[in-house]
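Feature annotations, courtesy of TrEMBL:
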- 23-165: disulfide bond (DISULFID)
- 90-183: disulfide bond (DISULFID)
- 40-179: domain 'Lipocalin/cytosolic fatty-acid binding' (DOMAIN)
- 19: pyrrolidone carboxylic acid (MOD_RES)
- 177-213: region 'Disordered' (REGION)
- 1-18: signal peptide (SIGNAL)
C-alpha cells in the first residue's frame with residue numbers, strides 16, 4: 001500500500017535533476033494557471049509502463065483507478081482525492097500535492113522527503129502524462145491519464161511515442177479496466193455528502209443574512 005498513490009499519480013522515488021532525454025513530448029514546460037485549470041477535475045488512470053520491476057509488479061495489482069485534482073493557484077498545491085480498486089476492493093485516500101511551476105513538476109512530501117514527477121501536457125486536451133525517473137534508465141517509466149476510462153489509439157499516441165523514446169517495449173504496458181471498478185458507490189456517497197454539506201452551508205449563510213437584515 002505504500003506505493004498506492006505512486007502508481008496512480010506520482011513516482012515513489014524522487015526524480016534526478018539531470019537533463020531529460022531529448023524526446024519531443026518528454027520535455028517539461030513550466031506550469032501556469034492555465035495548466036492547473038486544464039488538469040482540474042476528475043481523471044482516470046489508463047495505463048503505465050515501468051522498467052522498475054517493483055513498480056511493474058505493483059501496477060498489476062491496480063484493477064481500476066480514478067482521482068480528482070483540485071488546484072489551489074495561490075498556494076501552488078493540488079488537493080488529491082483518489083479511488084483505487086485492488087483485489088476487488090475500493091481503497092480511498094486524500095492528500096495534498098505541491099506544484100513546482102518553473103520545473104514543471106508536482107510532488108508529495110512523504111517519508112521525510114519530497115517525491116517528484118514531471119507533468120507532461122499533451123496535444124489532446126483530454127489526456128496528460130507523468131514521467132518518472134527518466135534520467136535513471138533502469139527505473140524510468142511513464143503513465144497516462146484521461147478524462148474518460150475509454151481511450152482511442154489516437155489519444156494514446158503520445159504515450160506510445162514516449163515509450164518508444166525511452167525504449168520501453170509496448171508489450172510492457174499495463175492497462176486498467178474500469179469495468180472492474182468497485183469505487184463508484186463510495187464516490188456517489190462522497191458526492192451526496194458534499195452536496196449536503198454545501199446545502200447546510202448555504203442554509204446557515206441565508207439565516208445569517210436574514211438575521212442581519
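A Cβ is built for glycine as well, from the same backbone N, Cα and C atoms used for every other residue.
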- [ ] Would you mind checking how many other C-beta atoms are within 10 angstroms of the C-beta on residue 183 (disulfide bond)?
- [x] 19
Open item on the list: What's the number of neighbouring CB atoms sitting within 10 A of the CB on residue 165 (disulfide bond)?
Closed with: 16
Task: Residue counts (helix, strand, coil, in that order) that DSSP gives for the domain 'Lipocalin/cytosolic fatty-acid binding' (40-179) - done: 21 helix, 72 strand, 47 coil
